Amino acid sequence: MGIGPCLQLKKFKRSIILVLTPILLLPLLIFPPPHLQTELACAYTILLMAIYWVSEVVPLAVTALLPLVFYPFLGVVTAKRTSIEYLKDVNVLFLGGLAVAVAVEHWNLHKRIALKVLTFVGAKPRWLLFGFMTTTAFLSMWISNVATTAMMIPIAQAVLEEMTTEPDIEQGGSSKSSSGGSTPPGDSNHKPIVRANSQPRPLTLENSRSDGDKVEFKPIQSSPGSNNYYTSVLQKDINKHSPTEELSNHLVAAVDDGPDASTTALIEEPGFTSTTFNTKLERERKKRNLCKALTICVCYSANIGGTATLTGTGPNLIMAGQFKTTYPHAPEIDFGSWAFFAFPGMVLYLMISWFWLQYLFLDINWSEIFPCFSRNKTKSTEELHAERMIRRQYDDLGVMSFAEKAVLFWFVLLALLWLTRDPGFVSGWGSIPIFKKGYVSDATVAMAITFILFVFPSKRPNFFCCRAKGDDSEPGPVPALLSWNVVQHKMAWNVILLLGGSFAMALGSKQSGLSQWIGQQMTPLREIDPILANFICCFIVCALTQCTSNTATATVFLPILAELGEVLGVNPLYLMLPSTVITSYAFMLPVSTPPNAIAYSYGHLTMMDMVKAGAFMNVVGIFIAMFSVSVFGGPAFGAFDPCPHWLHSQHCLAQSVANTTLTTVINSTMAS
């Protein structure tokens with residue numbers, strides 16, 4: 001009798017959290033000390049947003065609108081000042097970057113880039129792994145990690161079909177897997193992975209990650225005599241700008257450890273000797289591990305690659321915006337300086353993860369990693385089939401169209417303009433005398449390219465000298481590379497609101513004095529070594545981001561880390577930079593990120609596979625982030641200057657007074 005009501009209450013968990021949270025936090029508004037009334041009003045809003053973000057009782061973007069309601073009513077910040085935070089320069093930069101990413105996806109340029117890279121690396125398992133990881137990481141630097149994963153995983157599955165299906169060619173037949181290209185998740189020919197004697201387990205995975213993604217596994221009715229499967233439905237606004245709609249009909253079987261169906265078939269097949277059986281069993285084990293490696297490498301690479309650029313993932317932009325809000329006189333964090341800081345660490349982390357996944361699933365084989373030292377340069381039948389399949393998919397794309405060439409040109413130009421506007425070590429084009437100092441930003445460039453994409457033709461014009469040779473078609477208007485309908489359908493508008501909410505939170509914390517009050521409460525931590533404090537912060541953020549949204553984690557923790565940096569007497573960037581990167585290093589659970597959930601839904605991976613692989617990745621990620629800030633944080637942002645000109649902390653004021661006193665004493669001594 002006692003269990004029934006509890007189960008009923010569990011169904012209304014979201015509603016209970018939604019209603020009770022603001023009620024339980026009311027003492028902050030009803031009984032505040034007179035000198036902390038504004039600070040606690042701001043704390044009420046921030047705590048309410050944090051709980052709603054973590055529990056996801058309402059969409060993340062809707063929660064991000066709460067400062068527009070509570071700040072004016074509670075007298076924290078005016079409505080006019082709060083509204084400005086929702087369309088700052090960083091939001092416009094993100095909007096422009098997403099528009100270019102939409103153009104790349106719309107014209108299928110990202111798939112051409114991916115398949116072209118895979119044709120170069122070949123089909124040796126570990127080099128195929130390398131090709132998928134580098135391609136996914138590169139694409140994730142520019143477009144959504146969800147869109148990248150949703151595109152790359154079906155390609156990986158098609159390759160796995162060619163490499164793991166027993167071909168009938170040797171017996172004179174034709175292999176079923178070699179008759180076609182990739183099988184997208186929504187294809188009726190796509191077969192879920194089912195292991196023998198496994199019992200499907202109900203899964204409910206709900207979590208929002210960067211861009212407000214929500215993943216939910218729901219049981220569906222199977223056909224008579226078939227196994228019970230599960231369908232993974234990617235529910236979020238971002239599916240409007242990524243191909244994840246294909247995932248909605250992808251049938252997946254829950255997987256348990258144990259022998260798979262092919263192994264059971266081996267056991268039942270008569271005439272097997274012990275040696276033959278062991279050989280076949282080892283072959284099946286290698287095939288299963290290859291499936292795991294190629295599936296998990298895509299989601300890991302998508303998470304890692306997004307950290308390398310400022311527009312690659314939400315937490316990077318949140319950090320840049322909050323830093324500018326908190327320290328308005330500090331130099332801006334632009335695209336070039338962020339790439340200088342984060343890109344080397346991303347490459348190092350990607351290489352370490354490549355070796356780790358080899359060790360975990362493929363075994364380290366130095367003769368294959370360095371083929372120049374290998375005597376055996378022949379390729380197996382499966383590898384030849386996989387190479388032909390990749391080449392066939394690339395050939396199916398046809399000759400590169402005019403639109404693809406145009407999008408590639410504007411995409412490369414945008415990246416170059418971002419990187420060279422203000423590189424730091426030399427004067428960039430942004431310092432040319434024709435531009436007023438401080439007027440041009442990365443958002444200016446992004447909007448310029450976005451406008452061009454809306455007017456540049458998607459086909460070669462067919463009039464006057466622009467007409468192609470042999471083109472006899474009637475002159476007429478040519479559609480542009482982007483249309484508003486395409487952008488409206490695929491753009492992640494919710495992320496812009498999410499960024500605005502995080503910036504409004506930082507603004508309220510500063511103007512109300514809440515951040516200063518938090519800093520005073522952390523004064524006892526002043527004796528902690530900064531390196532140890534940095535490690536502890538990274539560890540806490542890494543642990544929380546495994547089960548909460550990385551954007552929410554960054555939004556809540558970055559203002560606290562800024563105050564902690566001032567208390568410790570270090571540059572706030574020393575703590576903020578690595579923790580920002582760490583929020584994207586969520587590898588242990590399917591619910592940690594949407595790419596993880598997409599990879600897990602294909603049925604090759606078990607929960608223990610992800611935990612075992614992800615635990616090591618998370619530990620290494622902490623040290624990679626600390627390495628990046630220690631080596632590149634200084635040259636890129638001056639992160640080791642404890643008292644830059646824009647920081648007015650108590651430590652810096654005391655240091656300034658001490659320096660002034662010392663200078664006065666020295667001058668007096670020399671004068672006497």
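Placed from the backbone N, Cα and C atoms, the Cβ positions cover glycine too.
Pulled from TrEMBL:
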{"type": "TRANSMEM", "residues": "12-31", "note": "transmembrane segment"}
{"type": "TRANSMEM", "residues": "51-74", "note": "transmembrane segment"}
{"type": "TRANSMEM", "residues": "86-107", "note": "transmembrane segment"}
{"type": "TRANSMEM", "residues": "127-147", "note": "transmembrane segment"}
{"type": "REGION", "residues": "165-229", "note": "region 'Disordered'"}
{"type": "COMPBIAS", "residues": "172-182", "note": "compositional bias 'Low complexity'"}
{"type": "COMPBIAS", "residues": "196-207", "note": "compositional bias 'Polar residues'"}
{"type": "COMPBIAS", "residues": "208-217", "note": "compositional bias 'Basic and acidic residues'"}
{"type": "COMPBIAS", "residues": "220-229", "note": "compositional bias 'Polar residues'"}
{"type": "TRANSMEM", "residues": "293-318", "note": "transmembrane segment"}
{"type": "TRANSMEM", "residues": "338-357", "note": "transmembrane segment"}
{"type": "TRANSMEM", "residues": "397-419", "note": "transmembrane segment"}
{"type": "TRANSMEM", "residues": "439-457", "note": "transmembrane segment"}
{"type": "TRANSMEM", "residues": "531-561", "note": "transmembrane segment"}
{"type": "TRANSMEM", "residues": "573-593", "note": "transmembrane segment"}
{"type": "TRANSMEM", "residues": "613-640", "note": "transmembrane segment"}
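By the Cβ criterion (distance under 8 Å, sequence gap of 6 or more), the transmembrane segment (397-419) is not counted as touching the transmembrane segment (293-318), fewer than 3 such pairs being found. The transmembrane segment (293-318) is in contact with the transmembrane segment (573-593), judged by 3+ CB-CB distances under 8 Å for residue pairs 6 or more apart in sequence. Relative to the transmembrane segment (86-107), the listed stretch 127-147 leads the set 12-31, 51-74, 127-147, 338-357, 573-593 in CB pairs under 8 A. Between the transmembrane segment (613-640) and the transmembrane segment (338-357) there are 3 or more Cβ pairs closer than 8 Å, counting only residues 6 or more apart in sequence, so the two stretches are in contact. Among residues of the same chain six or more beyond the transmembrane segment (127-147), those with a C-beta under 8 A of the stretch's C-beta atoms are 97, 100-101, 104-105, 110, 113-114, 117-118, 120-121, 155-156, 159, 210-211, 213, 234, 238-239, 241-244, 293-294, 297-298, 300-306, 308-309, 311-313, 346, 350, 353-354, 357-358, 362, 368, 386, 411, 415, 492, 593-595, 598. Long-range contacts of the transmembrane segment (573-593) within its own chain (CB-CB distance under 8 A, at least 6 residues past either end) are made by residues 145, 205-207, 209-210, 213, 215, 299-300, 303-304, 306-307, 313, 315-316, 318-319, 323, 341-342, 345, 530, 533-534, 537-538, 541-542, 545-547, 550-551, 553-554, 557-558, 561-562, 564-565, 599-601, 607, 610-611, 613-615, 617-618, 621-622, 625-626, 628-629, 633, 637-640.
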